[in-house]
Amino acid sequence: MTIDAALAEQIRRTPKAELHVHIEGTLEPELIFRLAQRNQVALPYPSVEALRAAYAFTDLQSFLDIYYAGASVLLTEEDFFDMTMDYVKRAVADNVRHAEIFFDPQTHTARGVPIGVVIDGIADALAQARTEYDFSSSLILCFLRHLPEEDAFATLEAALPYRDRFVGVGLDSSERGNPPEKFARVFARARELGLHLVAHAGEEGPAQYVTDALDILKAQRIDHGVRAIDDPALVERLARERVALTVCPLSNVKLKVYPDLRDHPLKRMLDAGVVITLHSDDPAYFGGYMNANWEATFEALPLDAADAHKLARNSFEAAFLPAMQKAEFLAEVDHFWSSPPKSPPATAPAA
């Protein structure tokens, strides 16, 4: 399926919010090598090209293995700052106006990096991005679900001195053998602290994990959630309760959640009234930032301009933003889509 050139231009230019991106997953091979050299960290790859070739993982666990290896070069506030600014520049180029960014402190504290170094490095970059690029953002601290809940509790408590620098908690890493109920108590504690709650569920795990994330963890938003399509009653509930799913199509294909983007349930769930939003996940590893995900999805599925408008609106509707700022972004989206798309200039025929 070939996307209309005018629509392709519109989806590239529409204002968007990115609600599902792991900052460690934006580490491009070039930056990994640069930081490794700066910090004198030995890498098991002789070149940038060899590292990029290693990105040919086959499932979530093999991806996570290389993901954690790449993160080993992050040691100082400057490293976290540089990684974050690299992401911001790419996001701004894709017309991302607001981002709610995941970070995994346990990946770094396990290596002896203080949690303050992690949070301050990322948050300082985002503060500069707000001034330099008018880029709105917030941080969501994620717990690694393959580790014990006690580790999550310790991470949350260690992060409390930096409470003003993040807005919520999430749950990521391998779903298999790590159901939502494993983290019920730490999510209850986060809720007591007034933090927003999100959770990865229904990616490699079953639809029941989506239900459990809602009912046990009290998640306000579900990350991935595509396996909900296997449970029609759950799809109806998601639509009725306006629970947003932060869907990452290129990630789902790369990790073999679906064999082909044409098999992805995004369009079916959108048509069923679910608040679907479209994001990049770990773009350095999955071969696509926001616009690449949007373009590939529109090329693979029977989506039109009305769907694009809805997806852009949904991304801001689902964001943890103050009401006035959210209304301003939604007005910006609606104004953008109220104008008829302009076709790109035609290329002059060869003489």
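Note: Cβ is positioned from N, Cα and C throughout, glycine not excepted.
According to Swiss-Prot, HIS20, HIS22, ASP281 bind Zn(2+); the candidate from HIS98, HIS200, HIS309, HIS335 that the record adds to this site is HIS200. A 10 Å cutoff on Cβ-Cβ distances gives HIS20 (Zn(2+) binding site) a total of 28 other Cβ atoms nearby, all chains included.
The recorded positions recorded for this entry are GLU203, HIS224, ASP282, and the Cα of ASP282 lies nearest to that of HIS22 (Zn(2+) binding site).
Here HIS224 (site 'Important for catalytic activity') comes close to HIS20, HIS200, ALA201, GLY202, GLU203, LEU245, THR246, VAL247, CYS248, ASN252, VAL257: these same-chain residues lie at least six apart in sequence, with C-beta atoms under 8 angstroms from its C-beta. Comparing the binding-site residues HIS22, HIS200 on other C-beta atoms within 10 angstroms of each C-beta gives the minimum for HIS22. Taking the centre of the Cβ atoms of HIS20, HIS22, HIS200, ASP281 as the Zn(2+) site, the nearby residues of that chain (Cβ within 8 Å, site residues left out) are VAL21, GLY25, PHE102, ASP172, ASP223, HIS224, THR246, CYS248, SER251, HIS279, ASP282. Taking a C-beta cut-off of under 8 angstroms and a sequence separation of 6 or more, ASP282 (substrate binding site) has the following same-chain neighbours: VAL21, HIS22, GLU24, GLY25, THR26, PHE63, TYR67, SER251.
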